[in-house]
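A.B. asks: As annotated by Swiss-Prot, heparin binding site applies to V161, R162, K163, R164, G228, Q229, K230, L231, R232, G233, R234, L235. If you look up Swiss-Prot, you'll see 79-254 marked as region '8 X 22 AA approximate tandem repeats'. Per Swiss-Prot, region 'LDL and other lipoprotein receptors binding' is recorded for 157-167, and the stated evidence type is similarity to another entry. The annotation region 'Lipid-binding and lipoprotein association' is assigned in Swiss-Prot to 209-289 on the grounds of similarity to another entry. The region 'Homooligomerization' annotation in Swiss-Prot covers 265-317 and rests on similarity to another entry. Per Swiss-Prot, region 'Specificity for association with VLDL' is recorded for 277-289. Look at Swiss-Prot and you will find 79-100 tagged as repeat '1'. Positions annotated as repeat '3' by Swiss-Prot: 123-144. Residues or ranges marked as repeat '6' in Swiss-Prot: 189-210. Residues or ranges marked as repeat '7' by Swiss-Prot: 211-232.
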Amino acid sequence: MRVLWVALVVTLLAGCRTEDEPGPPPEVHVWWEESKWQGSQPWEQALGRFWDYLRWVQSLSDQVQEELLSTKVTQELTELIEESMKEVKAYREELEAQLGPVTQETQARLSKELQAAQARVGADMEDVRNRLVLYRSEVHNMLGQTTEELRSRLASHLRNVRKRLVRDTEDLQKRLAVYQAGLREGAERSVSALRERLGPLVEQGRLRAATLSTRAGQPLRERAEAWGQKLRGRLEEMGSRTRDRLDEMRDELEEVRTKVEEQGSQLRLQAEAFQARLKGWFEPLVEDMRRQWAGLVERMQSAVSISSSTSAPSDNQ
């Protein structure tokens, strides 16, 4: 269970009765005040979580007291302290980064004071945690004995620590607010002074630029026109060369086409002559083969006729 040690502190400060001295329920006295560190800055919100953490423990029941000897409480408090100090340090570094408009001596003094205030707040929170650790050890050693005196001493010390922590936290908050206001005022003065110094220079620069523009406008236009004419002449020259080259390429292509047509005609004539020669070679062979084939067919027909005549008398017998 979270933050059980702080619950024990709350129970003690509430004046819980001991086992040996029963009596009416005492009035609960909260040793911390309502969370007042609910500002817009992250470090103020971190301190607010620390106070809310303690106030939440007050709502725990008495059944958790037997579990309060765990070290979980000190771990939780350590995390809250580290978170608070981290946020305070980040905000302090942010303010130091904004100390540009002030002198180096003032910047060093402000940084030193902020570090001292931060250290005091951190020491107060560490004191609360250390007192809880010490009380845990003493309670562990005094189990079965009366702890009324120990509770009274712890409650008194925690009240003193609470007052000191509240005072140091308020001091840190006031210092940060004063330094932030001073930084804003210094930055505004620096910006105003810079604007006053740069105003005449900007006006002079504007007038000089306008004068130079007026003086340089005419030569620039003349140079631009001359350059444009030169560019047009070069483009026309390149266009003429391109047209001449295209005409030459067209003539060369026409000449190549004529040569190709002549070579095609020659190839057709050569092919026709070769075809005629082949025809002259193969026609006698084809005619000879036709005569031989006709003779062969005629002999076969004669043989078939003779065979038919011979087989007919045999059938009659």
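Each Cβ is built from the backbone N, Cα and C atoms, and glycine gets one as well.
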A.B. asks: Just to confirm my parser: what is the rounded mean pLDDT across the region 'Homooligomerization' (265-317)?
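C.D. replies: Its mean pLDDT is 78.
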A.B. asks: How does the region 'Lipid-binding and lipoprotein association' (209-289) divide up by DSSP, counting helix, then strand, then coil residues?
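C.D. replies: So the region 'Lipid-binding and lipoprotein association' (209-289) is made up of 81 helix, 0 strand, 0 coil.
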A.B. asks: Tell me the coarse DSSP state (helix, strand, coil) of K163 (heparin binding site).
C.D. replies: helix
A.B. asks: Counting every protein chain present, what is the number of Cβ atoms, excluding its own, within 10 Å of the Cβ of R232 (heparin binding site)?
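C.D. replies: Taking all protein chains shown, R232 (heparin binding site) has 10 Cβ neighbours within 10 Å.
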A.B. asks: By a simple count, how many Cβ atoms lie within 10 Å of the Cβ of G228 (heparin binding site), its own Cβ left out?
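C.D. replies: I get 10 for this one.
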